[in-house]
Amino acid sequence: MNKFFSFPILGLLLTCVRFVVAKERLFEWNVTDVYDVDPDGSGNSRWVIGVNNKWPIDPLVVDYGDQVIIKMTNSLANNRTTSLHSHGLFQKFTPYMDGVPQSTQCEIPPGATFYYNYTALQNGTYWVHSHDMSQYPDGLRTPFIINALEEPYDYDEEYIISMTDWYYTPFNILVPDEFKTWKNPTGAEPVPDTGLFNDTANATFAMEPGKTYRLRFINIGAFNNYDVMIEDHNMTIIEVDGEYTEPQEVSSIHLTVAQRYSVLVTAKNSTDRNYAITAYMDESLFDTIPDNYNPNVTAWLSYNSDASYDLGPDIDEIDSYDDAELNPLYSWDVTESNHSINIWFDFFTLGDGANYAEINDSSYVFPKVPSIMIANSTNVDGYNLEPVTYGPYTNAYIFEYGDVVDVIIDNHDTGKHPFHLHGHTFQVLERGEENAGLYSDQESHTYYDNPMRRDTVEIEPGSFIVIRFIADNPGAWVIHCHIEWHMESGLLATFIEAPEMIPSISSPDFVKEQCMLDGVPTIGNGAGNYKNISDLSGAPSPPGEMPAGWTSKAIGTMAACVISACIGMGSIIFYGASIHPVPTEELDENDDLQEAALENAAMFLDTDKAVEKVVEGKDEIK
């Protein structure tokens, strides 16, 4: 289909499709805390966030064209808000359903109910998760499958296989106490305690000889990448991130946080044994590796429940492949880009002593008004066409409808980062190898033919990536690193797409009423000012830069240290120089020890006189 097809006509056609094939699929979610959960059987029980007092949360499964309604009631304890993002869905014509607080909606306050209501206009493997306060690593996430009306590949059965890193301590404790604190100025991310398949240990998937299975792998974790292998089985990739690919046979797949793969696996004819599915954690992401740490997670293809579940031989090296070499099954006929932006990111310690991410020298902070409502309410005199209107730290970029945009992302950091763009899939035009340097450092650039499309892509350390998308989806779409620690650090930007068209798809009244319950304004600029849109005073901002040189506080601290050191040295000198003779009758076989002690005391003294005093003391003792 021509990507520049008329927006109104496309909307009419999609509406017609809904009348032909749509079913209403209502999911009633009461979001609750669930206690005493021990998914790996280690004895490390903790609370999690579940649905209807249950965890793990059942996957959502619908068909293409269905009307999806998630009635989400916030019953969390301790006055916590929440939200729900359908990861990978474009939300065409419903951008206010994307579930990102202060971007497309307001948080769902305690006791309130919000209806996520949209049409499933894609098919493939997705997931839903909270986009609020690091809640999804604490359990508020589950796979979301949209079945195609007609599948391009044949298979007999399918399994959904989620994988996640798991922490025994909840994130609402880890973030303030161990990560985003002056005690962690380098931003070292807490290492997961373990990993899980389908939120449990030793998950099994029954196999029947000769059948072909579609395995939908989804990394719903917070931090870690996984390399996945199936013992003595090859896999054929047919889908990544909701995009069908040309078939590619591989021995392993690499999933960053938020990525998805569908692979076909044909079962063996023999049932004399079972085979391990092993996910290997990418330990290069960890600043430190705990003693006796097990980086591997295991599930099983079960051919015979009476046979043993024995691990095969250890793997010395994983035969990896470059996912950028994958080709989409349905190619895009995309013209050259007419718009290009270059963003870079790195991490810095700011004025509060904690570590923050910055995109082009700016750490993301939520605006006072949700970005999509800023675009809607400042549509006068061209204010909604100016990035600064959305807040000085919203990292906003403006695109016109139909722009073909190249986004060059330079990674100044020493770690890998999975970047995700809401509202789109994108072409991966070029990706530099590890430590290749910046995009501008390269002597030449060669873009892939029929490049892979997906919504989450990994950027190598000290390197770059080039992605291309078409700005055909009016709305406010965040682009961010999907490592949860880095989202907490501010590694986000906002793409404001076709702002002049956003008022025509304005947020419904019930979305705005949700903001009123939250006490959040729905009109104005990023500072919440609507009478004078150019006035950004009071806009939220990150901590200031770490002061250079000696501040008064630092001087005072150093002075206190020097005074304490002088007092300590003075005490040593005073007591060392005031040694009194010991009566001879008290000397015994410990005399040598006493001499050694006196000699050690003399090491702390700087003057010859003091040393002589110690020697005299020794002579008097003798």
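Every residue gets a Cβ built from N, Cα and C, even glycine.
Fair warning: this is a prediction, and the values are worked out from it, not measured in the lab.
Among the candidates His412, His422, His424, the one that Swiss-Prot lists alongside His131, His480 as binding Cu cation 3 is His422. The record from Swiss-Prot ties His129, His482 to Cu cation 2, and of the options His87, His233 it ties His87 to that site too. Residues Cys481, His486 are recorded by Swiss-Prot as Cu cation 4 binders, and the candidate that the same record lists for that site, out of His254, His339, His417, is His417. Helix, strand and coil residue tallies for the domain 'Plastocyanin-like 3' (386-498), in that order: 12 helix, 49 strand, 52 coil [DSSP]. In this structure, the binding-site residues under consideration are His129, His420, and the one with the smallest number of other Cβ atoms within 10 Å of its Cβ is His420. Model confidence over the domain 'Plastocyanin-like 1' (49-147) is summarised by a mean pLDDT of 98.
Take the Cα of His417 (Cu cation 4 binding site) and measure to each of the binding-site residues His85, His87, His129, His482: the nearest one is His482.
Nearest by CA distance to His482 (Cu cation 2 binding site), out of the binding-site residues His131, His420, His422, is His420.
A Cα-Cα distance of 17 Å separates His486 (Cu cation 4 binding site) from His422 (Cu cation 3 binding site). Cα of His85 (Cu cation 1 binding site) to Cα of His129 (Cu cation 2 binding site): a span of 5 Å. The binding-site residues near His420 (Cu cation 1 binding site), taking a 10 angstroms Cα-Cα threshold over the set His87, His129, His131, His480, Cys481, are His87, His480, Cys481. Taking the Cβ of His87 (Cu cation 2 binding site) as centre and 10 Å as the limit, one finds 26 other Cβ atoms among all the protein chains shown.
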